[in-house]
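Asks: Let me give you the structure first, and then I'll get to my questions.
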Amino acid sequence: MKLYNTMSKRKEEFVPLEEGKVKMYVCGPTVYNFIHIGNARPMIVFDTVRRYFEYKGYEVNFVSNFTDVDDKIIKKAIEEGVTAEEISKRYIAECKKDMEGMNIKPATKNPLATEEICGMVDMIQTLIEKGYAYEKNGTVYYRTRKFKEYGKLSHKNLDDLQSGGRSLLVTGEDEKEDSLDFVLWKPKKEGEPAWQSPWGEGRPGWHIECSEMSKKYLGEQIDIHAGGEDLVFPHHENEIAQSEAANGKEFAKYWLHNAFLNIDNRKMSKSLGNFFTVREISEKYDLQILRFFMLSAHYRSPLNFSADLMEAAKSGLDRIVTAAENLRFLKENTTRREMSEIEKDAYAKTQEFVDGFEKAMDDDFNTADAIASVFELVKYINTTANASCSAEYLACLLDRLAVLTDVLGIITDKKKEVLDEEIEALIAERQAARKERNFARADEIRDMLLAKGIILEDTREGVKWKRA
Ligand SMILES: Nc1ncnc2c1ncn2[C@@H]1O[C@H](COP(=O)(O)OP(=O)(O)OP(=O)(O)O)[C@@H](O)[C@H]1O
Ligand SMILES: [Zn+2]
């Protein structure tokens, strides 16, 4: 299994630190707004990477943080006249809803920066003791030039960085020993959230959060550290400088970075205002389609968002789901149970699609080619499965398809999704509301179900529902 390591700029064979286990950290979002579909790209891509490791039999310890203290969160809180905590809590909850819609597996742990301040203070203290950091007027800076390997991930040269950095007029620039030094701890400003520290009240810098949370939940060395390509510099470069100086060990073995989701060939970003939130997209499309669209390109290739490509993803996904539905229907209606010899041979042939899928995924998670193998399997299913097949054969085909779509995180069993307890309970609650003539509540529930793609029909025989 090969993966592209930003550190070495080449594909490397994956060798875990510990046999059968993968320790993986993905930098999570700063929570001050609904996530946009650019932010969804690393979530979908690295969830798929995780799923593929699990398919291969690895036990994956997957940690992804929420940055819940930051200038942008504080700004939003001031605008709304609420606390920063209220803002971050609200958008963490909204983000989790979006993630569920995109079928992202819950992480082993989603640490919150604000709950890990003590550990960050300890790490900063260690860096000071080792001579890698210094304090000036309540701010602690990292002494960048002391870390000899600085620039190794982003392949940048310190002197080039220095000449570029000098022109920047950043507050605090004059008290730094060197313009390359970056902030580990900043002093409290009036009205901002703050924590006690040996350097006075204040809050941590962004980079130290991930160094500490990764260490706390995964240990000093991890297999994979991942995020969007804009995080390579300075965020990941700084994380390496902090973690390796503090722990005296190589931080992560493999550094994975996804390319951008663009719109009109420009990075989709909040600052440019050219974004769609996942929530907006969910009003028009099932989020499974968004997931499928993201995986239709290799994660290191830029991907341009367009209505045409979403429509193409919709029809591609439909083909797969329809094949699975047909298999289920045929299986339930056939009278023959056991596989015949001919069917055994026919089933054995499907191994070639699994091999193709694995070959693509083993080659730096080439989901675009892996999907092509799934389509070949679908074509094979559509040509060989019919009403005279045995239930066993149909079940085997269905299982083969489900195993592959599960790696991609695509749900093909709509009924299973529909029948989940929450929806059943909502329908019952709506019936009760109608009985009490609480039509406002009944309509509200109908709309909630509609948002989940469930259409209700009130008939004489009772309530019937179908998928949008
Ligand atoms: N257009 C995009 N395509 C792919 N990944 C992205 C895109 N925009 C952000 N990301 C990734 O999403 C994660 C969270 O990003 P972050 O919270 O910094 O928000 P942001 O949208 O980049 O901010 P801004 O849009 O204001 O530049 C990071 O891993 C980042 O690399
Ligand atoms: Zn990070």
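Start at 1 and count along the chain as shown; that gives each residue its number.
A Cβ is built for glycine as well, from the same backbone N, Cα and C atoms used for every other residue.
Keep in mind that this is a model prediction, so the values were computed, not measured.
TrEMBL lists Cys27, Cys210, His235, Glu239 with the feature Zn(2+) binding site. According to TrEMBL, the feature motif ''HIGH' region' maps to 29-39. TrEMBL lists 267-271 with the feature motif ''KMSKS' region'. For Lys270, the entry in TrEMBL reads ATP binding site. Per TrEMBL, the feature domain 'Cysteinyl-tRNA synthetase class Ia DALR' maps to 356-419. For 416-443, the entry in TrEMBL reads coiled coil.
Help me picture these features in the structure, burial and contacts included.
Replies: DSSP classifies Cys27 (Zn(2+) binding site) as coil under the three-state reduction.
Counting same-chain residues at least six beyond the ends of the motif ''HIGH' region' (29-39), those with a Cβ under 8 angstroms from any Cβ of the stretch are 66-68, 70, 72-73, 75-76, 87-88, 91-92, 94-95, 98, 228, 260-261, 267-270, 275-279, 281, 290, 305.
The average pLDDT the prediction assigns to the motif ''KMSKS' region' (267-271) is 89.
When secondary structure is read from DSSP and collapsed to three states, Lys270 (ATP binding site) falls in the coil class.
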Asks: Kindly assign His235 (Zn(2+) binding site) to one of the three DSSP-derived states: helix, strand or coil.
Replies: helix
Asks: Take the domain 'Cysteinyl-tRNA synthetase class Ia DALR' (356-419) and count its residues per DSSP category (helix H/G/I, strand E/B, coil), listing them in that order.
Replies: 48 helix, 1 strand, 15 coil
Asks: Give me the Cα-Cα distance between His235 (Zn(2+) binding site) and Lys270 (ATP binding site), rounded to a whole Å.
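Replies: That separation, Cα to Cα, works out to 18 Å.
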Asks: Within the same chain, and leaving aside Cys27, Cys210, His235, Glu239, name every residue whose CB is within 8 angstroms of the centroid of the CB atoms belonging to the recorded Zn(2+) site, in sequence order.
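Replies: The surrounding set, listed in chain order, is Trp206, His207, Glu209, Ser211, His225, Gly227, Leu231, His236, Asn238.
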Asks: Could you pull out which residues elsewhere in the chain have a CB under 8 Å from any CB of the motif ''KMSKS' region' (267-271), counting only those six or more residues past its ends?
Replies: 33, 36-38, 230, 260-261, 305
Asks: Count the other Cβ atoms sitting within 10 Å of the Cβ of Glu239 (Zn(2+) binding site), across every protein chain shown.
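Replies: There are 27 of them.
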Asks: Quick test of the contact rule: Cβ under 8 Å, at least six residues beyond the ends. What residues does that give for the coiled coil (416-443)?
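Replies: Contacts of the coiled coil (416-443) (Cβ under 8 Å, skipping residues fewer than 6 from its ends): 449, 452, 454, 456, 463, 465, 467.
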